[in-house]
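> Have a look at this one.
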Amino acid sequence: MTKFVFITGGVVSSIGKGIVAASLGRLLKSRGYSVSILKLDPYINVDPGTMSPFQHGEVFVTEDGAETDLDLGHYERFTDTSMSRLNSVTQGSIYQAVINKERRGDYQGGTVQVIPHITNEIKERIHRVAKNANPDVVITEIGGTVGDIESQPFLEAIRQFRKDVRRNNALYIHVTLVPWIASAGEMKTKPTQHSVKELRSIGIQPDILVCRCDRKLSEGLKEKMSEFCDVPVESVITSQDAQSIYEVPLMLETEGLAVQALELLKMEQRQPNLSHWKTLVNRLYHRDKQDIRTSQGKLSITATVEIAIVGKYIQLSDAYLSVVEALRHAAIAVGVDLNLHLVNAEDVETKGARTYLEKANGIIVPGGFGVRGIDGKIATVEYARINKIPFLGLCLGMQCAVIEWARNIAKLDAAHSFEFDPQTPNPVINLLPEQQDVVDLGGTMRLGLYPCRLQGDTLAFKTYQQEVIYERHRHRYEFNNAYRNLFKETGYIISGTSPDGRLVEIIELPAHPFFIATQFHPEFQSRPSTPHPLFHNFFQAANSQEKCDNLSVNNTEETPDNLVSKSSIPN
(Lines of atoms letter the chains of each structure in order from A and count residues from 1; the text may use other names and numbers.)
(Lines give C-alpha, C1' and ligand atoms only; values in the text may rest on other atoms or scores of the structure.)
Protein backbone atom coordinates (compact mmCIF):
# COMPACT_ATOMS: atom_id res chain seq x y z
CA MET A 1 0.00 0.00 0.00
CA THR A 2 1.17 3.52 -0.79
CA LYS A 3 2.32 5.59 2.18
CA PHE A 4 1.65 9.32 2.45
CA VAL A 5 3.87 12.12 3.79
CA PHE A 6 2.51 15.64 4.30
CA ILE A 7 4.86 18.61 4.61
CA THR A 8 3.60 21.86 6.11
CA GLY A 9 5.41 25.10 6.88
CA GLY A 10 5.30 27.53 9.76
CA VAL A 11 6.49 30.95 10.97
CA VAL A 12 7.47 32.38 7.55
CA SER A 13 6.91 31.63 3.87
CA SER A 14 9.72 30.53 1.52
CA ILE A 15 11.20 28.46 4.31
CA GLY A 16 12.23 25.62 2.02
CA LYS A 17 9.37 23.12 2.17
CA GLY A 18 9.87 22.29 -1.50
CA ILE A 19 13.55 21.48 -1.03
CA VAL A 20 12.73 19.36 2.04
CA ALA A 21 10.11 17.46 0.01
CA ALA A 22 12.50 16.98 -2.90
CA SER A 23 15.35 15.97 -0.57
CA LEU A 24 13.21 13.39 1.22
CA GLY A 25 12.22 12.07 -2.19
CA ARG A 26 15.88 11.69 -3.12
CA LEU A 27 16.69 9.93 0.18
CA LEU A 28 13.83 7.47 -0.23
CA LYS A 29 14.72 6.82 -3.85
CA SER A 30 18.34 6.17 -2.84
CA ARG A 31 16.93 3.32 -0.73
CA GLY A 32 15.09 1.78 -3.66
CA TYR A 33 11.64 3.22 -2.92
CA SER A 34 9.54 4.77 -5.68
CA VAL A 35 8.30 8.28 -4.95
CA SER A 36 5.88 10.83 -6.38
CA ILE A 37 5.66 14.38 -5.03
CA LEU A 38 2.53 16.55 -5.08
CA LYS A 39 2.25 20.31 -4.54
CA LEU A 40 -0.96 21.79 -3.11
CA ASP A 41 -1.02 25.56 -3.70
CA PRO A 42 -3.55 27.67 -1.78
CA TYR A 43 -4.00 30.47 -4.34
CA ILE A 44 -7.25 30.79 -6.29
CA ASN A 45 -5.58 30.79 -9.72
CA VAL A 46 -6.44 27.61 -11.62
CA ASP A 47 -2.74 27.26 -12.43
CA PRO A 48 0.27 29.62 -12.35
CA GLY A 49 0.35 29.94 -16.16
CA THR A 50 -1.02 33.49 -16.21
CA MET A 51 0.74 34.70 -13.06
CA SER A 52 3.44 37.37 -13.20
CA PRO A 53 7.00 36.01 -12.94
CA PHE A 54 7.72 38.88 -10.54
CA GLN A 55 5.18 37.43 -8.09
CA HIS A 56 5.43 33.71 -8.69
CA GLY A 57 8.76 33.06 -10.35
CA GLU A 58 9.18 30.50 -13.09
CA VAL A 59 6.30 28.49 -14.52
CA PHE A 60 7.53 24.91 -14.81
CA VAL A 61 6.04 22.84 -17.64
CA THR A 62 5.54 19.08 -17.29
CA GLU A 63 5.70 16.53 -20.10
CA ASP A 64 1.90 16.40 -20.36
CA GLY A 65 1.67 20.18 -20.69
CA ALA A 66 0.72 21.34 -17.21
CA GLU A 67 1.85 24.82 -16.19
CA THR A 68 2.97 24.34 -12.61
CA ASP A 69 4.78 25.75 -9.62
CA LEU A 70 8.57 25.92 -9.84
CA ASP A 71 8.81 23.41 -6.97
CA LEU A 72 7.90 20.67 -9.45
CA GLY A 73 11.22 21.44 -11.12
CA HIS A 74 12.97 20.72 -7.83
CA TYR A 75 10.99 17.49 -7.47
CA GLU A 76 12.02 16.31 -10.93
CA ARG A 77 15.67 17.32 -10.59
CA PHE A 78 16.13 15.75 -7.16
CA THR A 79 14.27 12.50 -7.80
CA ASP A 80 15.08 12.22 -11.51
CA THR A 81 11.40 11.42 -12.06
CA SER A 82 9.04 13.22 -14.45
CA MET A 83 5.93 14.67 -12.84
CA SER A 84 2.55 15.28 -14.49
CA ARG A 85 -0.41 17.61 -14.16
CA LEU A 86 -1.64 15.37 -11.34
CA ASN A 87 1.32 16.55 -9.24
CA SER A 88 0.22 20.19 -9.20
CA VAL A 89 -3.06 21.19 -7.55
CA THR A 90 -4.23 24.72 -6.78
CA GLN A 91 -7.16 25.81 -4.69
CA GLY A 92 -8.55 27.44 -7.82
CA SER A 93 -8.58 24.12 -9.67
CA ILE A 94 -10.26 22.45 -6.68
CA TYR A 95 -13.06 25.02 -6.54
CA GLN A 96 -13.40 24.92 -10.33
CA ALA A 97 -13.87 21.13 -10.26
CA VAL A 98 -16.40 21.28 -7.42
CA ILE A 99 -18.40 24.06 -9.08
CA ASN A 100 -18.44 22.15 -12.37
CA LYS A 101 -19.77 19.09 -10.54
CA GLU A 102 -22.45 21.22 -8.90
CA ARG A 103 -23.49 22.65 -12.28
CA ARG A 104 -23.80 19.13 -13.69
CA GLY A 105 -25.99 18.11 -10.78
CA ASP A 106 -23.49 15.62 -9.37
CA TYR A 107 -24.42 16.60 -5.81
CA GLN A 108 -28.12 15.93 -6.43
CA GLY A 109 -29.35 19.21 -5.03
CA GLY A 110 -27.25 19.14 -1.86
CA THR A 111 -25.71 22.24 -0.34
CA VAL A 112 -22.10 22.44 -1.52
CA GLN A 113 -19.73 23.29 1.33
CA VAL A 114 -16.02 23.46 2.11
CA ILE A 115 -16.52 20.39 4.29
CA PRO A 116 -17.06 17.82 2.89
CA HIS A 117 -17.07 18.76 -0.80
CA ILE A 118 -13.88 20.83 -1.09
CA THR A 119 -11.94 18.64 1.34
CA ASN A 120 -13.11 15.47 -0.41
CA GLU A 121 -11.93 16.85 -3.75
CA ILE A 122 -8.52 17.61 -2.24
CA LYS A 123 -8.23 14.09 -0.84
CA GLU A 124 -9.29 12.64 -4.18
CA ARG A 125 -6.46 14.54 -5.92
CA ILE A 126 -3.94 13.03 -3.49
CA HIS A 127 -5.33 9.53 -4.03
CA ARG A 128 -5.24 10.12 -7.79
CA VAL A 129 -1.45 10.52 -7.70
CA ALA A 130 -1.14 7.25 -5.79
CA LYS A 131 -3.44 5.41 -8.21
CA ASN A 132 -1.76 6.80 -11.32
CA ALA A 133 1.88 5.90 -10.58
CA ASN A 134 1.42 3.44 -7.71
CA PRO A 135 4.52 4.72 -5.89
CA ASP A 136 5.70 3.42 -2.55
CA VAL A 137 5.41 6.93 -1.10
CA VAL A 138 3.47 10.06 -2.09
CA ILE A 139 4.98 13.21 -0.60
CA THR A 140 2.59 16.17 -0.49
CA GLU A 141 3.81 19.71 0.09
CA ILE A 142 1.17 22.15 1.30
CA GLY A 143 1.94 25.66 0.08
CA GLY A 144 1.69 28.69 2.30
CA THR A 145 2.10 28.91 6.06
CA VAL A 146 0.09 27.40 8.89
CA GLY A 147 -2.36 30.06 10.02
CA ASP A 148 -3.09 31.40 6.54
CA ILE A 149 -6.80 31.58 5.76
CA GLU A 150 -6.19 30.20 2.26
CA SER A 151 -4.54 27.02 3.58
CA GLN A 152 -7.35 25.94 5.90
CA PRO A 153 -9.19 23.59 3.47
CA PHE A 154 -5.92 21.82 2.63
CA LEU A 155 -4.96 21.40 6.27
CA GLU A 156 -8.40 20.07 7.15
CA ALA A 157 -8.17 17.61 4.25
CA ILE A 158 -4.81 16.21 5.33
CA ARG A 159 -6.06 16.05 8.93
CA GLN A 160 -8.85 13.76 7.76
CA PHE A 161 -6.49 11.82 5.51
CA ARG A 162 -4.68 10.02 8.31
CA LYS A 163 -7.99 8.72 9.66
CA ASP A 164 -8.97 7.54 6.17
CA VAL A 165 -5.76 5.58 5.46
CA ARG A 166 -4.92 4.61 9.07
CA ARG A 167 -2.25 6.06 11.28
CA ASN A 168 0.84 4.14 10.15
CA ASN A 169 0.20 5.04 6.53
CA ALA A 170 0.40 8.82 6.93
CA LEU A 171 3.13 11.07 8.32
CA TYR A 172 3.18 14.80 9.13
CA ILE A 173 6.41 16.80 8.77
CA HIS A 174 6.43 20.44 9.84
CA VAL A 175 9.14 22.76 8.50
CA THR A 176 9.71 25.72 10.77
CA LEU A 177 12.14 28.53 11.50
CA VAL A 178 14.47 28.69 14.49
CA PRO A 179 16.04 32.16 14.24
CA TRP A 180 19.31 33.35 15.73
CA ILE A 181 18.78 36.59 17.67
CA ALA A 182 22.09 38.42 17.51
CA SER A 183 21.33 40.84 20.33
CA ALA A 184 20.51 37.95 22.66
CA GLY A 185 23.28 35.74 21.34
CA GLU A 186 21.01 32.69 21.13
CA MET A 187 18.52 30.79 19.01
CA LYS A 188 14.85 31.15 19.81
CA THR A 189 12.37 28.26 19.73
CA LYS A 190 9.26 30.25 20.62
CA PRO A 191 8.18 30.83 16.96
CA THR A 192 8.32 27.08 16.39
CA GLN A 193 6.35 26.39 19.56
CA HIS A 194 3.60 28.78 18.46
CA SER A 195 3.57 27.37 14.93
CA VAL A 196 3.12 23.83 16.24
CA LYS A 197 0.44 25.07 18.64
CA GLU A 198 -1.42 26.56 15.66
CA LEU A 199 -1.10 23.28 13.76
CA ARG A 200 -2.30 21.24 16.73
CA SER A 201 -5.31 23.54 17.16
CA ILE A 202 -6.69 22.25 13.86
CA GLY A 203 -6.04 18.63 14.77
CA ILE A 204 -2.61 17.92 13.25
CA GLN A 205 0.19 16.74 15.52
CA PRO A 206 3.49 16.83 13.60
CA ASP A 207 5.54 13.64 13.74
CA ILE A 208 8.79 15.27 12.62
CA LEU A 209 10.06 18.84 12.97
CA VAL A 210 12.50 20.11 10.35
CA CYS A 211 14.05 23.25 11.78
CA ARG A 212 15.46 25.78 9.33
CA CYS A 213 18.31 27.71 10.91
CA ASP A 214 21.63 29.33 10.10
CA ARG A 215 23.60 27.13 12.50
CA LYS A 216 23.34 23.65 13.95
CA LEU A 217 20.80 23.06 16.70
CA SER A 218 22.28 22.05 20.04
CA GLU A 219 21.00 18.92 21.75
CA GLY A 220 19.56 21.15 24.44
CA LEU A 221 17.44 23.06 21.95
CA LYS A 222 16.28 19.82 20.33
CA GLU A 223 15.23 18.50 23.72
CA LYS A 224 13.40 21.74 24.46
CA MET A 225 11.42 21.60 21.22
CA SER A 226 10.78 17.90 21.77
CA GLU A 227 9.30 18.71 25.17
CA PHE A 228 7.14 21.66 24.11
CA CYS A 229 6.04 20.30 20.73
CA ASP A 230 5.47 16.68 21.79
CA VAL A 231 7.87 15.27 19.17
CA PRO A 232 10.56 12.64 19.94
CA VAL A 233 13.96 14.30 20.19
CA GLU A 234 15.34 12.12 17.39
CA SER A 235 12.58 13.53 15.16
CA VAL A 236 13.77 17.11 15.63
CA ILE A 237 15.86 17.64 12.49
CA THR A 238 18.29 20.47 11.76
CA SER A 239 18.03 21.95 8.27
CA GLN A 240 20.95 24.33 8.29
CA ASP A 241 21.44 26.98 5.59
CA ALA A 242 23.57 25.53 2.80
CA GLN A 243 25.61 27.05 0.00
CA SER A 244 23.79 24.85 -2.50
CA ILE A 245 20.38 23.17 -2.46
CA TYR A 246 22.10 19.99 -3.66
CA GLU A 247 23.81 19.64 -0.29
CA VAL A 248 20.49 19.53 1.58
CA PRO A 249 19.71 15.81 0.98
CA LEU A 250 23.09 14.86 2.46
CA MET A 251 22.55 17.14 5.46
CA LEU A 252 19.10 15.71 6.11
CA GLU A 253 20.46 12.17 5.72
CA THR A 254 23.06 12.91 8.40
CA GLU A 255 20.28 14.23 10.64
CA GLY A 256 18.29 11.01 10.16
CA LEU A 257 15.21 12.36 8.37
CA ALA A 258 14.67 9.33 6.13
CA VAL A 259 15.34 6.87 8.96
CA GLN A 260 12.72 8.57 11.14
CA ALA A 261 10.20 8.74 8.30
CA LEU A 262 10.58 5.04 7.48
CA GLU A 263 10.31 4.06 11.13
CA LEU A 264 7.13 6.06 11.67
CA LEU A 265 5.60 4.69 8.47
CA LYS A 266 6.55 1.12 9.47
CA MET A 267 8.59 0.65 6.30
CA GLU A 268 11.74 -1.42 5.89
CA GLN A 269 14.97 0.36 6.74
CA ARG A 270 17.31 0.06 3.77
CA GLN A 271 20.88 1.14 3.20
CA PRO A 272 20.97 4.33 1.09
CA ASN A 273 23.11 4.61 -2.02
CA LEU A 274 24.07 8.28 -2.19
CA SER A 275 27.54 7.86 -3.68
CA HIS A 276 26.61 9.52 -6.97
CA TRP A 277 24.96 12.45 -5.16
CA LYS A 278 28.02 12.86 -2.93
CA THR A 279 30.26 12.95 -6.01
CA LEU A 280 28.04 15.64 -7.49
CA VAL A 281 28.29 17.77 -4.35
CA ASN A 282 32.05 17.26 -4.17
CA ARG A 283 32.41 18.52 -7.72
CA LEU A 284 30.24 21.47 -6.83
CA TYR A 285 32.28 22.51 -3.80
CA HIS A 286 35.84 21.92 -5.02
CA ARG A 287 36.45 25.41 -6.30
CA ASP A 288 40.08 25.65 -5.21
CA LYS A 289 41.45 24.31 -8.54
CA GLN A 290 42.48 21.05 -6.88
CA ASP A 291 42.00 17.70 -8.53
CA ILE A 292 38.87 15.71 -7.77
CA ARG A 293 39.03 11.95 -8.02
CA THR A 294 35.95 10.42 -9.61
CA SER A 295 35.00 7.01 -10.93
CA GLN A 296 36.08 8.23 -14.37
CA GLY A 297 39.52 9.31 -13.18
CA LYS A 298 40.81 12.74 -12.27
CA LEU A 299 38.85 15.94 -12.87
CA SER A 300 40.55 19.32 -12.57
CA ILE A 301 38.70 22.58 -12.08
CA THR A 302 40.81 25.10 -13.96
CA ALA A 303 38.62 28.01 -15.01
CA THR A 304 35.76 30.34 -14.25
CA VAL A 305 33.24 30.85 -17.02
CA GLU A 306 31.27 34.10 -17.21
CA ILE A 307 27.70 33.54 -18.41
CA ALA A 308 25.21 36.37 -18.96
CA ILE A 309 21.46 35.80 -18.97
CA VAL A 310 19.75 38.78 -20.60
CA GLY A 311 16.15 38.82 -19.46
CA LYS A 312 13.28 41.02 -18.41
CA TYR A 313 12.42 39.48 -15.03
CA ILE A 314 15.85 39.62 -13.40
CA GLN A 315 14.58 41.31 -10.23
CA LEU A 316 13.42 37.84 -9.21
CA SER A 317 16.05 35.25 -10.10
CA ASP A 318 13.49 32.46 -9.57
CA ALA A 319 11.90 33.61 -12.84
CA TYR A 320 14.75 31.78 -14.62
CA LEU A 321 15.26 29.03 -12.06
CA SER A 322 15.45 26.05 -14.44
CA VAL A 323 17.84 27.92 -16.76
CA VAL A 324 20.13 28.71 -13.84
CA GLU A 325 20.01 25.14 -12.55
CA ALA A 326 20.71 23.74 -16.03
CA LEU A 327 23.81 25.95 -16.19
CA ARG A 328 24.93 24.67 -12.80
CA HIS A 329 24.50 21.09 -13.97
CA ALA A 330 26.64 21.86 -17.02
CA ALA A 331 29.31 23.57 -14.91
CA ILE A 332 29.58 20.53 -12.66
CA ALA A 333 29.86 18.19 -15.66
CA VAL A 334 32.42 20.32 -17.52
CA GLY A 335 34.40 20.81 -14.33
CA VAL A 336 34.64 24.58 -14.26
CA ASP A 337 33.35 27.36 -12.07
CA LEU A 338 30.27 29.33 -13.10
CA ASN A 339 29.96 33.06 -12.54
CA LEU A 340 26.44 34.02 -13.50
CA HIS A 341 25.23 37.52 -14.41
CA LEU A 342 21.58 38.47 -14.75
CA VAL A 343 21.35 41.47 -17.08
CA ASN A 344 18.27 43.63 -17.52
CA ALA A 345 17.29 43.68 -21.21
CA GLU A 346 15.97 47.23 -20.83
CA ASP A 347 19.43 48.39 -19.73
CA VAL A 348 20.89 46.92 -22.89
CA GLU A 349 18.44 49.09 -24.83
CA THR A 350 19.62 52.28 -23.16
CA LYS A 351 23.35 51.67 -22.60
CA GLY A 352 24.21 49.17 -25.30
CA ALA A 353 25.11 45.50 -25.21
CA ARG A 354 28.87 46.02 -24.92
CA THR A 355 28.46 47.75 -21.55
CA TYR A 356 27.18 44.54 -19.99
CA LEU A 357 28.40 41.76 -22.25
CA GLU A 358 31.95 42.68 -23.25
CA LYS A 359 33.56 40.10 -20.99
CA ALA A 360 30.91 37.39 -21.18
CA ASN A 361 32.11 33.98 -22.35
CA GLY A 362 28.57 32.89 -23.18
CA ILE A 363 25.17 34.57 -23.55
CA ILE A 364 21.65 33.21 -23.02
CA VAL A 365 18.42 34.95 -23.99
CA PRO A 366 15.62 33.04 -22.19
CA GLY A 367 11.87 32.96 -22.66
CA GLY A 368 9.34 35.62 -21.79
CA PHE A 369 6.23 37.45 -22.93
CA GLY A 370 5.41 41.02 -23.92
CA VAL A 371 7.20 43.80 -25.77
CA ARG A 372 9.05 45.32 -22.80
CA GLY A 373 12.81 44.85 -23.19
CA ILE A 374 12.50 43.12 -26.55
CA ASP A 375 14.85 45.52 -28.36
CA GLY A 376 17.48 44.86 -25.71
CA LYS A 377 17.19 41.14 -26.34
CA ILE A 378 17.49 41.64 -30.09
CA ALA A 379 20.57 43.83 -29.56
CA THR A 380 22.02 41.08 -27.37
CA VAL A 381 21.58 38.53 -30.16
CA GLU A 382 23.30 40.86 -32.62
CA TYR A 383 26.20 41.39 -30.23
CA ALA A 384 26.66 37.64 -29.71
CA ARG A 385 26.47 36.97 -33.46
CA ILE A 386 28.93 39.67 -34.53
CA ASN A 387 31.42 39.05 -31.73
CA LYS A 388 31.34 35.25 -32.05
CA ILE A 389 30.27 34.73 -28.43
CA PRO A 390 28.59 31.36 -27.73
CA PHE A 391 24.85 31.98 -27.75
CA LEU A 392 21.84 29.96 -26.64
CA GLY A 393 18.34 31.28 -27.31
CA LEU A 394 15.34 29.75 -25.58
CA CYS A 395 11.75 30.17 -26.81
CA LEU A 396 11.47 33.98 -27.05
CA GLY A 397 15.26 33.94 -27.38
CA MET A 398 14.90 32.04 -30.66
CA GLN A 399 12.26 34.47 -31.87
CA CYS A 400 14.58 37.39 -31.09
CA ALA A 401 17.35 35.66 -33.05
CA VAL A 402 15.00 35.33 -36.03
CA ILE A 403 14.00 39.01 -35.84
CA GLU A 404 17.64 40.12 -35.58
CA TRP A 405 18.64 38.12 -38.66
CA ALA A 406 15.61 39.35 -40.60
CA ARG A 407 16.45 42.99 -39.92
CA ASN A 408 20.24 42.97 -40.23
CA ILE A 409 21.06 40.20 -42.71
CA ALA A 410 17.90 39.47 -44.72
CA LYS A 411 17.19 43.24 -44.82
CA LEU A 412 13.47 42.86 -44.21
CA ASP A 413 12.09 46.30 -43.43
CA ALA A 414 10.68 46.67 -39.88
CA ALA A 415 10.67 42.90 -39.39
CA HIS A 416 9.11 41.92 -36.07
CA SER A 417 6.92 39.44 -34.27
CA PHE A 418 3.18 39.76 -34.73
CA GLU A 419 2.97 39.52 -30.93
CA PHE A 420 4.81 42.82 -30.50
CA ASP A 421 3.77 44.67 -33.65
CA PRO A 422 0.58 43.46 -35.36
CA GLN A 423 1.13 46.11 -38.08
CA THR A 424 4.63 44.97 -39.08
CA PRO A 425 5.04 44.49 -42.86
CA ASN A 426 7.26 41.48 -42.18
CA PRO A 427 5.89 39.28 -39.37
CA VAL A 428 8.75 36.77 -39.30
CA ILE A 429 7.24 35.40 -36.08
CA ASN A 430 3.53 34.74 -36.35
CA LEU A 431 0.69 33.25 -34.35
CA LEU A 432 0.36 29.48 -34.58
CA PRO A 433 -2.59 28.61 -36.88
CA GLU A 434 -4.41 26.76 -34.11
CA GLN A 435 -4.13 29.88 -31.91
CA GLN A 436 -6.00 32.22 -34.27
CA ASP A 437 -9.38 31.94 -32.53
CA VAL A 438 -8.15 31.37 -28.97
CA VAL A 439 -9.58 33.88 -26.48
CA ASP A 440 -8.58 32.53 -23.05
CA LEU A 441 -4.94 32.93 -21.99
CA GLY A 442 -4.70 30.17 -19.38
CA GLY A 443 -3.66 26.70 -20.53
CA THR A 444 -4.16 27.44 -24.23
CA MET A 445 -0.60 27.63 -25.56
CA ARG A 446 1.35 24.85 -27.26
CA LEU A 447 2.31 23.08 -24.07
CA GLY A 448 4.20 19.95 -23.12
CA LEU A 449 6.40 17.35 -24.77
CA TYR A 450 6.56 17.30 -28.58
CA PRO A 451 8.86 15.47 -31.02
CA CYS A 452 11.43 17.31 -33.10
CA ARG A 453 13.28 15.89 -36.12
CA LEU A 454 16.90 16.98 -36.50
CA GLN A 455 18.74 17.61 -39.74
CA GLY A 456 21.96 15.64 -40.12
CA ASP A 457 25.39 17.28 -40.06
CA THR A 458 24.22 20.21 -37.93
CA LEU A 459 25.20 21.49 -34.51
CA ALA A 460 21.86 20.28 -33.18
CA PHE A 461 22.43 16.75 -34.46
CA LYS A 462 26.00 16.67 -33.14
CA THR A 463 24.70 17.85 -29.76
CA TYR A 464 21.87 15.32 -29.39
CA GLN A 465 23.40 12.45 -31.40
CA GLN A 466 19.96 11.25 -32.50
CA GLU A 467 17.49 11.97 -35.26
CA VAL A 468 14.31 12.54 -33.23
CA ILE A 469 14.24 14.27 -29.85
CA TYR A 470 11.42 15.16 -27.44
CA GLU A 471 11.34 18.54 -25.70
CA ARG A 472 8.89 20.59 -23.65
CA HIS A 473 7.19 23.64 -25.15
CA ARG A 474 5.36 26.72 -23.91
CA HIS A 475 4.59 29.17 -26.69
CA ARG A 476 1.84 30.69 -28.80
CA TYR A 477 3.95 32.12 -31.63
CA GLU A 478 6.20 30.40 -34.18
CA PHE A 479 8.57 31.05 -37.08
CA ASN A 480 6.63 32.27 -40.13
CA ASN A 481 7.17 29.71 -42.89
CA ALA A 482 6.61 32.35 -45.58
CA TYR A 483 10.18 33.47 -44.85
CA ARG A 484 11.80 30.05 -44.59
CA ASN A 485 13.41 30.00 -48.05
CA LEU A 486 14.73 33.55 -47.68
CA PHE A 487 16.38 32.69 -44.38
CA LYS A 488 18.02 29.61 -45.87
CA GLU A 489 19.27 31.64 -48.85
CA THR A 490 20.90 34.17 -46.53
CA GLY A 491 22.76 31.51 -44.56
CA TYR A 492 20.42 30.48 -41.76
CA ILE A 493 20.23 26.79 -40.88
CA ILE A 494 16.90 25.34 -39.77
CA SER A 495 18.25 22.26 -38.02
CA GLY A 496 15.13 21.06 -36.22
CA THR A 497 11.46 20.93 -37.18
CA SER A 498 8.30 19.14 -36.14
CA PRO A 499 8.19 15.65 -37.73
CA ASP A 500 5.85 16.91 -40.46
CA GLY A 501 8.26 19.75 -41.22
CA ARG A 502 5.63 22.40 -40.54
CA LEU A 503 7.03 24.04 -37.40
CA VAL A 504 10.56 25.38 -37.02
CA GLU A 505 12.00 24.19 -33.71
CA ILE A 506 15.76 24.89 -33.90
CA ILE A 507 17.83 27.45 -35.81
CA GLU A 508 21.60 27.85 -35.90
CA LEU A 509 24.44 29.69 -37.64
CA PRO A 510 27.27 27.70 -39.23
CA ALA A 511 30.05 30.34 -39.21
CA HIS A 512 30.00 30.78 -35.45
CA PRO A 513 31.66 28.97 -32.51
CA PHE A 514 28.25 28.12 -31.02
CA PHE A 515 25.03 29.85 -32.03
CA ILE A 516 21.84 27.86 -31.58
CA ALA A 517 18.30 28.76 -30.53
CA THR A 518 15.27 26.61 -29.79
CA GLN A 519 11.54 27.22 -29.73
CA PHE A 520 11.29 24.74 -26.86
CA HIS A 521 12.60 24.86 -23.28
CA PRO A 522 15.48 22.38 -22.85
CA GLU A 523 16.11 23.63 -19.31
CA PHE A 524 13.08 21.72 -18.04
CA GLN A 525 14.75 18.36 -18.74
CA SER A 526 18.20 19.02 -17.27
CA ARG A 527 19.20 17.00 -14.21
CA PRO A 528 22.15 17.34 -11.80
CA SER A 529 23.48 13.93 -12.81
CA THR A 530 22.61 14.27 -16.52
CA PRO A 531 22.89 17.87 -17.73
CA HIS A 532 20.96 18.70 -20.85
CA PRO A 533 23.20 18.28 -23.93
CA LEU A 534 22.43 21.78 -25.24
CA PHE A 535 23.49 23.40 -21.98
CA HIS A 536 26.47 21.06 -21.67
CA ASN A 537 27.78 21.87 -25.16
CA PHE A 538 26.98 25.58 -24.78
CA PHE A 539 28.98 25.63 -21.57
CA GLN A 540 31.87 23.78 -23.20
CA ALA A 541 31.90 26.35 -26.00
CA ALA A 542 31.87 29.20 -23.47
CA ASN A 543 34.70 27.53 -21.58
CA SER A 544 36.80 27.45 -24.73
CA GLN A 545 36.49 31.21 -25.15
CA GLU A 546 39.32 33.41 -23.94
CA LYS A 547 38.89 33.95 -20.19
CA CYS A 548 38.21 37.52 -19.23
CA ASP A 549 37.92 39.61 -16.11
CA ASN A 550 34.61 39.81 -14.27
CA LEU A 551 31.75 41.37 -16.18
CA SER A 552 31.96 45.19 -16.09
CA VAL A 553 28.89 46.97 -14.84
CA ASN A 554 28.82 50.77 -15.10
CA ASN A 555 25.72 51.26 -12.95
CA THR A 556 26.27 53.56 -9.99
CA GLU A 557 23.30 52.25 -8.03
CA GLU A 558 21.06 49.20 -8.05
CA THR A 559 17.41 49.96 -8.65
CA PRO A 560 14.61 47.81 -10.04
CA ASP A 561 15.14 49.54 -13.42
CA ASN A 562 18.89 49.09 -13.82
CA LEU A 563 19.63 46.08 -11.66
CA VAL A 564 22.42 43.74 -12.72
CA SER A 565 22.57 40.93 -10.20
CA LYS A 566 25.33 38.39 -9.78
CA SER A 567 25.47 34.95 -8.28
CA SER A 568 28.15 32.32 -8.25
CA ILE A 569 27.93 28.58 -8.07
CA PRO A 570 27.51 27.12 -5.50
CA ASN A 571 24.38 28.99 -4.58
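Backbone N, Cα and C define each Cβ position, glycine as well.
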> Write down the one residue from ASP69, ASP71, ASP80, ASP106 that Swiss-Prot lists together with SER14, ILE15, GLY16, LYS17, GLY18, ILE19 as binding ATP.
ASP71
> Out of LYS101, LYS224, LYS266, LYS278, which one does Swiss-Prot list together with SER13, ASP148, ILE149, GLU150, LYS188, THR189, LYS190, PRO191, THR192, GLN193 for CTP?
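CTP site check in Swiss-Prot: besides SER13, ASP148, ILE149, GLU150, LYS188, THR189, LYS190, PRO191, THR192, GLN193, the record includes LYS224 out of LYS101, LYS224, LYS266, LYS278.
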> GLY368, LEU396, GLY397, MET398, GLN399, ARG476 bind L-glutamine in Swiss-Prot, but which of GLU349, GLU382, GLU419, GLU489 does that record place at the same site?
GLU419
> Under DSSP, is ILE19 (ATP binding site) part of a helix or a strand, or is it coil?
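Its secondary structure by DSSP: helix.
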> Could you name the residues, excluding GLY368, LEU396, GLY397, MET398, GLN399, GLU419, ARG476, of the same chain that surround the L-glutamine site, i.e. Cβ within 8 Å of the Cβ centre of those residues, in sequence order?
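Near the L-glutamine site, the remaining chain residues are GLY367, PHE369, CYS395, CYS400, SER417, ILE429, HIS475, TYR477.
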> Within the same chain, and leaving aside SER14, ILE15, GLY16, LYS17, GLY18, ILE19, ASP71, name every residue whose CB is within 8 angstroms of the centroid of the CB atoms belonging to the recorded ATP site, in sequence order.
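After dropping the recorded site residues, what remains is GLY9, VAL20, ALA21, GLU141, VAL175.
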> Of all the binding-site residues given, ILE15, ILE19, LEU396, MET398, which has the fewest Cβ neighbours within 10 Å once its own Cβ is left out?
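Each of the binding-site residues ILE15, ILE19, LEU396, MET398 was scored by Cβ atoms within 10 Å; lowest is ILE15.
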> Of LYS17, ILE19, GLN399, which is closest to LYS224 (UTP binding site) if I measure between C-alpha atoms? They're all binding-site residues.
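Result: the closest of the binding-site residues to LYS224 (UTP binding site) is LYS17.
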> Quick check: in three-state DSSP terms, what is GLU141 (Mg(2+) binding site)?
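It is in a strand.
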> When a 10 Å sphere is centred on the Cβ of SER14 (ATP binding site), how many other Cβ atoms does it contain?
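Around SER14 (ATP binding site), other Cβ atoms within 10 Å: 9.
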> Per 10 Å Cβ neighbour count, which of the binding-site residues LYS17, LYS190, LYS224, ARG476 ranks highest?
LYS17
